[in-house]
Every structure is written in structure tokens, then in C-alpha cells.
Amino acid sequence: MLSHQSEKMSLMLTAKNHSIPLSDGNRIPIIGLGTYGDPRTTPKGTARECVKLAIDVGYRQFDGALVYFNEHEVGQAIREKITDGTVRREDIFYCGKLWSTFHPPELVRPALERTLKTLQLDYVDLYIIELPMAFKPGDKFYPKDKNGKYIYHETDLCATWEALEACKDAGLTKSLGVSNFNRRQLELILNKPGLKHRPVSNQVECHPYFTQPKLLEFCRQNDIVVVGYSPLGTSRDASWVNLKCPPLLEDEVLVSIGKKYNKSPAQVALRFNIQRGVVVIPKSFNPQRITKNFQIFDFSLTDDEMKLMEGLNKNIRFVELLMWSDHPEYPFHDDY
């Protein structure tokens with residue numbers, strides 16, 4: 001259930017002031033722009049233009065990754081908006097990710113430095129382990145053997161985490177977190193002997209059809225902020241999406257609540273999560289949707305509406321990441 005603290009905090013958030021505290025003393029904006037775009041189909045310059053627009057709209061958090069192949073555009077957009085005086089660097093929150101071919105400790109800092117060089121920024125605000133599973137290190141981000149099977153690599157998450165801690169100590173990132181970790185994998189880090197910096201966040205799929213109540217409660221108890229990706233459902237890309245999932249934004253409950261507040265089902269879905277204290281990072285390269293997705297601070301859902309939406313949970317994932325399904329650490333084998 002929703003904690004009173006999360007509810008109270010969410011009601012105080014505004015378009016101009018919408019960051020929430022992290023356990024290390026830093027803050028994270030409760031809504032960010034996801035910047036993933038299929039590099040094969042997204043026209044060059046799209047990410048740059050959309051990030052610039054998003055900053056003008058009021059977004060201050062940007063969620064990126066080396067394997068999105070567009071960090072150079074995102075970094076350029078941020079730098080241009082700093083140069084024209086719209087924002088200062090300290091106003092922007094950028095999350096970068098350690099990809100699965102860089103888990104060996106000696107590869108962690110070079111991977112982060114590669115991201116910083118691509119962004120042309122001195123530091124990122126949050127650096128996270130993208131997945132608890134590793135691929136074979138090398139030049140290929142998605143290594144396969146001669147039979148077309150992915151080549152996994154044994155990983156020691158605690159050793160990887162120690163290398164991340166050193167990056168924070170060196171000032172390359174302000175905060176550290178994880179993504180797609182279940183409870184067992186989080187406990188591995190939290191219980192690590194000599195832990196210096198705790199994970200402040202866990203980025204996972206989270207929306208009204210997949211509300212993650214157990215993981216959310218565990219993270220709350222451990223001062224870990226949940227960052228919800230695919231908060232509106234997701235694209236229908238068969239390579240990584242479960243196409244059997246019904247389209248979230250056509251749900252009658254979201255539609256009817258939206259009509260009451262003169263809001264779209266997407267805005268209702270986003271509002272639902274932020275009232276639970278869940279950070280949302282909807283991805284869009286559509287200027288109208290980028291603008292509308294941010295317009296979630298001028299209404300709030302009642303307790304009854306929150307309960308109604310919590311009741312929509314079907315425990316179904318849109319994002320299956322089937323490339324990892326044979327991996328023993330595949331986090332989606334566990335309940336949470």
C-alpha cells in the first residue's frame with residue numbers, strides 16, 4: 001500500500017520543483033525523459049531536438065545509456081541549453097548505465113569515462129548497473145557464438161559494485177544505483193562486507209498492470225527509490241516485448257479517471273506512480289507527448305482512485321528481455 005510519506009510528498013510536487021530525496025543526500029526529479037530509440041529507425045538528431053524541447057517544457061532528468069547509441073546527441077542538447085542560459089549543469093540530472101559487457105571491475109571506470117566523453121560532461125548524476133547479468137567482455141555489445149546464441153559471462157556483482165564506488169569517490173558520478181535487480185540481488189549488494197555507498201535506486205518496469213508491490217515495499221524499507229521504466233506500457237517490438245499484454249492505455253479505469261480530470265490515460269498512469277513515490281521515465285520522441293506527459297502536477301488522485309488502480313495489477317511484464325532467459329541470474333524468474 002501507498003505510504004503516507006510518499007502521498008504527502010507527491011502532493012507537494014510542482015512542475016518547477018519536483019525532485020525527491022535520495023538516501024545519499026542528493027535528489028532525483030520524479031519525472032524524467034527516457035531517451036531510448038532504436039538506432040536503426042530513429043533519424044539522426046531526434047534525441048537532441050527532443051531533449052532540448054523537454055528542457056524547455058520543464059524536464060530536468062534524462063535517462064540514457066551507452067547502448068542507446070545517442071548519448072552524444074543527449075549531451076549536446078544539454079550543453080546547448082546550458083550555453084543559452086535555460087539551465088545550469090546542476091539543474092540537470094543525467095542517469096547513465098553500465099552495460100553488461102563491462103562488469104569486470106577493471107572495465108567499469110573506462111566504461112563510465114567513455115559515457116562522459118560521449119556526453120562531453122564532467123560527471124553523471126546517477127550511474128547504474130543496467131542488468132545483474134553479464135555478457136562476454138569485448139568489442140561487441142551483444143556477443144554471440146557461431147550458433148547465434150548469446151555468450152554470457154560470470155559476474156561478481158559485489159566486485160563490480162566496488163569499482164562503481166571508486167567512480168563515485170573519484171567524482172565521476174554523484175550517486176550509484178542498479179536496474180532490473182530483484183530482492184535477492186539487491187541484498188547481495190546491501191549485505192556486502194565493507195559496503196561504502198549503498199544503491200540509492202533500482203530501475204525496474206512499473207505501471208498499473210505491473211505495480212511491483214513487494215519489491216516496492218522492500219526498496220522503501222531500505223531507502224532505495226524505485227524508478228519505473230515503461231510506465232505507460234511500451235512499444236510493440238516483438239524482440240523484447242510480450243505482445244500478449246493488453247494495451248495499458250486503453251484500460252477503461254484509466255480512461256474514466258482521465259475523463260474526470262480532463263487528462264489522458266497516460267497522464268493518469270504517470271500520476272498513479274508518482275503518488276506512490278515511484279520516479280517515472282516515460283520515453284517519447286513525439287513533441288506533443290513529451291509535453292503532455294509532463295503535465296501531471298496540476299491534479300491528484302483520490303485514495304479510492306489509487307486503490308482502484310492498484311487493483312489493476314495483472315503481474316504481467318511488457319519487457320521480457322528474452323536474450324537473458326537462459327541465464328541463471330535472469331531476475332524475472334523470481335517474484336520480486
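Placement of Cβ uses the backbone N, Cα and C atoms for every residue, glycine included.
TrEMBL does not curate its annotations; it predicts them automatically.
Because the structure is a prediction, the values reported are computed rather than measured.
So that you can see what the record holds, here are the features copied from TrEMBL:
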DOMAIN    31-313  domain 'NADP-dependent oxidoreductase'
ACT_SITE  TYR68  active site, proton donor
SITE      LYS97  site 'Lowers pKa of active site Tyr'
BINDING   HIS153  substrate binding site
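Minimal Cβ crowding within 10 Å, among the recorded positions LYS97, HIS153, is found at HIS153. Around the residue listed as 'active site, proton donor', the C-beta neighbours below 8 angstroms that are at least 6 residues distant in the chain are THR35, TYR36, GLY37, PRO39, ALA47. Across the structure, the residue listed as 'substrate binding site' and LYS97 (site 'Lowers pKa of active site Tyr') place their CA atoms 18 angstrom apart.
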